Structures are given as C-alpha cells and as structure tokens.
Amino acid sequence: MHKHGSCRLHFGHIDAMLVQTAIQSARRTILVTGYEANAVLSLLQSADTLQGDLKATIKQDKDWYSRFMPLTEVIMDLVINRSLVKEIEQVIDEDGSIKDSASSELRKSRQQVQVLERKVQQLMESLIRSERSETSILEVNNIDGRWCIRTDSGQKTSFKGLLLSSSGVGSTIEPLSAVPLNDELQRARSLVAKAEADVLLALTRKIQLDVDDIEKILDSLVQLDVINARATYGLSFGGSNPNIFLPDRNNSSTAESLTRNDTLNGPLPDNREWILYLPKAYHPLLLQSHRANLKKVKEDVNIATSVSALDKAQPQPVPVDFLVSNKTRVIVITGPNTGGKTICLKTVGLAAMMAKSGLYVLASESVQIPWFDSVFADIGDEQSLSQSLSTFSGHLKQISNIKLQSTRQSLVLLDEVGAGTNPLEGAALGMSLLESLAHGGCLLTIATTHHGELKTLKYSNEAFENACMEFDEVNLKPTYKVLWGIPGRSNAINIAERLGLPSVVIDAARKLYGSSSAEIDEVITDMEKLKQDYQRLLTEADHYLMQSRGLHGSLLKTRRKIAEHSTSLRLKKLRDVSEAAAMSRSILHKKVRELDASAKKTSQHDKAIKSSRVSTTNNLHTAADNKEPASTNKSPSVVKKFDKSSTVRSAAPKVGDAVYVSSLGKKVTVLKVDSPKGEILVQAGIMKLKLKVTDIQRL
C-alpha cells in the first residue's frame, strides 16, 4: 500500500478514546457530547474514504485485491452507515457545538437569548454611563449567567440593586432594573439547554443503533494503524522481512514440545532442523540514537561537510552476525568488559520479538528466526542509571523462574552467568545450569560469561558453541564484532602492560596466572589470527566471486550479441541470394521467351522452303511423265533415293542424340522425348529448351 500510494493508512486525526467514550455512552443511553460525535464522524469518514480508495484501486486492476490481502478483507468488511455520517454533519459543528439548524426549537430559543442579552447589555451600559465619573471604575460582569456591575472599593452608586458579593477590592451588584431581564434570560437559556439535550438524545439513539459496527470499525482501524506503524518503522530503518518458521511443525511431538520443563525427560529429538540466521543485525535503539545524533551533527556543522567527515564525527554502530547451526543449543559468548556482549544478547532478543510482532528486523538481508513462544532474559544492565545492580540471590531467583516457565520453544538470554559469587562455585553452577538447558530446557540459550571453564563445554558437548567479542590489542579498543568458534581470552595483563604498569607487577601477575593459562591464551591468539585470516580470505573470495559473476554475465551478453549478429548476417546472405536468384530467373525467362519467338519465325521460314521444294518435286514428276520411256525407267531410282534421305531426317530422335537446331544455329543434346506431343527437351549450354521435333534436324 505504501508503494501503491492510493490507499493511505493515516488515522492520526482520529481520537480513539473519545470514540470509545461515545460507544460506552450510547450503550447506556447517556447523551453523547458534540466532541464525541465529531470523533465518531472522523472515524466513519476515514473508514469510508479508505474503503472507497480501495474499491477504486481494485476497479482499475483486480490483482490488487490479492496483493493487499489480508488487509483487503479487513477494509472491505467495514460496515459504514452513511446516513449517520450525514446526520452528524447536519447537527454538530466542527468545534463540537450544536448547529442552530439542528431543530426549530433550538433556533428559536437561541434567538430569544440573543435578544435578551442585548437588552441587558444596553441596560448595564446606560447605568454605567449615568454613574461614571473621572474617579469611578465600573465593569459589567456575568456571574452564574446573571448580568451585574462591579464597582471599585469604597465607591458608592446611586442605583439600587442586590449585593451579590463584597470585598476589599470592590462590590458586585445586580441592579434591580436588570433582575427581570436576568430571570427571563435564565429561562430562555434553560430552553436552549433542553433543546440541545433533545438533539443530542436523538443523535445518541441513532449512534446506539450502529454502536456494534462503530466499535468494529474502531478496532479494525486501530489494528490497521498498528500495522501501518510497523510497516513505516521497517521502511524508515531499512529492515528486512523475517522468515519465521516453527520447529517440529511436521513432528508428531509438537504438542509435547510445548509442555513445561518439569514434565520433560531427556533431550529434544535429534531430527530437529532449524537455524537462527541474523546477518549484520543492529540493535534498534542504537541505530535510532545514531540517526538522531547524526541529524544533530548535520545541523551544527557546515552543510558542505563531506559524508566521510560526518561518519567520522558520528561513527556507524557495528552490526553483529548470528549464524547458529541446527545442532547448537547453547552459545557461550566471552570477551572483555564493554566489548558488546550484552548488546548481542539484546539484539537477538529484540529481533525475535520484533519478528513475532510483525516488524521488520534491522538486518542486511532476510533473516531466519524460529518461532520462540517466549523470550526470557536475566540481564544485569550496568549501563542503566535508573536501576541498581542485581544481587547474586536476585539472579538466582530470576534464573529459577526462567527454568520453571521456559519450554522447548523458548529463547533464554543470560548475562554474566555464574557471576556475583566465588569464581569456582559460580563457574560450576554456570556449567550445570547451561548443561541442564541444553539437554531438555529450551530451544536456544545464549549466555555471556568471564568464567574460563565454560569455554571448554564445546569440546565435550556438540550442543555448545563458543563465540567471543573481538578486541583490537594495538589500539586497546573493542571492535564489537563477533568471532564464531573461538573462545575469548583475558586481555587484562596485556592491556595493563601496554598502559605502562611496571614490568615487575606484570611478570608477577603472569607467574600467578600460570604458564598453562598463558599457553591456552597463545592457542586462542593463534585461533583468532586464523579466524581473522579466514575472514579476510573469505571477503576476498566473495569479491572475486562477484567479479567472476560480472565477467560471466558480460561473456554471456557478448555471446548473445555474436549469435544475434551471426543470425542477422546469415539472414542477410539468404536475402541477397534469394534476390539474385529471382533476378536470374527473370532474365532466363526473358531469354527463353525471346528464343521461343525466334524459333517460331525460323519454323515458318522452313515450312515455306519445304512447300517450295514439294512444288518443285511435283513439277519434276510431271515433266518426267511427258518424256520418253528411257527417262521413265531412270527416274524411279532417283525418287527412291530422295525419299529415303527425307525419311531418315524426319524420324524421331532418341535420348542422348545430338541434333541441330537451325533457329539457334548450334548443336544440342536430347534429354527427353515426348512422342505423343511431338516435343523434345534439349540441353543447350546451361539452358534447357523444349522444342518441336519439326524444329530440329538429325545429324
């Protein structure tokens, strides 16, 4: 809805307390005041506007109905009596007073009151003018609805009246001439009050008819206002949407996991699969304080100050990373004082409660949080000036209550567990308590401590995990970063040495501390160095991975462009070849038509020659008939020879024969013979021509 912009959930102008009072008064048939009626009016108008905006949005695009779910159902289910809205608008003014148009009796009574007040004022002014002198001071007052005159101390007046009050500073007198008018004015005002009461009674009864719907609208808008506040908070601080999941959701022992600790026997099932993932999570109050201080610094310094200078003047709070595996049940956080251990506890606890409340969690990306049924904490906050330090007995009582009330789905936060008593006894008690919580207590326990014995629990129980707060030994300052898998070490002796404590004291302290403890500190130091190197290499690997992903994307883009270019070139070549082929076919068809025309002319010419030859032959035969017998005996052999040659030339050719086409003036090869049609297909160079048998000559 924030992104869409059409349905705005702004209800700051609604007075929920006045609406609630109006609902209670209407149910008991007690007159609703004008202010209460106006509050009901604002409520109904806001609901009507919101519902109308939502309907208009859905009318434009039906998909918004499902996108706004489940708020869509809440808004669309509101029942608004628009006739009641009009009734309140007609009766009650914006300042909560009743309008003159509410009833004719009210208008008449108010007009009568105005007339009487003008008469009384005129009377008082005339009396004052008659008594006024240079030394007298007279004032017109209204006491309990009656007009009177106030005089100075010791001043005497000539008019008679009723003495209402008298003191050392003056007297208040109601003139006798004003008494009838004041009485009549009082009666007129009572009529006005009665008319107003009648109007409010009628309005109260109308509100009474819709009181259930009004109460439902109030509850719905309050709910929407809370949701809007959560969304606005999450957007303003840049939080991320939490992924909340319920462990044992598909487990048959879900109901059993909600039972109290006194009925538990043994550890939780091994098939649990859950994870707590809080990347770069911020404490909400630290981030809010940082923004407020940064805003103040920006107002105090020059506007042209760079961003880096502002960050240096007001450094950004350091976020914490929490990544808990599915086997971990207890996390032991160690480290120096003021290193940020308590802030880590509070950040995790607030993140879990914010997620359950429908708030975005202040983290860099979407977090994964189990559904904790409760969050229990025993935190002795020494930073708070309003609270005194808790005693050891107070800690034990608090922890005892947590142990009794926590379930298998609870989150327990313990600050400085085992502190406040003998170190050996405190460490033993802390170890016993954490082991009890790990094997049948709660879903997750996070504890801070300075006891070195608690660091060793990880190496004997896989349900434990170590973490420590990083410390910069060069600058002797905590970095507030969480190092996972590494137990924190004591830096007191090293810090004392760097701060200039005499070497004699330092050496004695190290001897008392013991060589074995020093060796453990060296191992921890090496582990911290390896952890830091690993983190550095992991950061570099992430950087190179991002670069490789960018290069891979560029390569894919280039390959796609090359493929597109190759496709376009291939299509262009196909178009060019197609155009050239079409042009060649056009030229060939033109040449064929020209050859056909030339062949027809040649055929006609040959037919004329043949006709001439036949005529000549006939003439010769006639001449031979007219000659002597000797000539007759000779001619049959000549004729027979001529006929044989003609028969050979006119016989149909065969496939593969070479024939002569006189119209082309060249030899061609026969490819196909169609005897019924008297046509043949010949190959003339690169061209294939279809000709008549009569158009060729056998060779």
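Any Cβ shown, glycine's included, is placed from N, Cα and C.
Checked against TrEMBL, the range among 44-71, 296-323, 464-491, 520-547 recorded as coiled coil is 520-547. As annotated in TrEMBL, coiled coil covers the listed stretch 99-133 rather than the other ranges in 99-133, 239-273.
Proximity of distant same-chain residues to the compositional bias 'Basic and acidic residues' (596-609), defined by a Cβ-Cβ separation under 8 Å and at least 6 residues beyond the stretch ends, is recorded for 661-664, 691-692, 694-695. Across the domain 'DNA mismatch repair proteins mutS family' (410-426), DSSP classifies residues as 4 helix, 5 strand, 8 coil.
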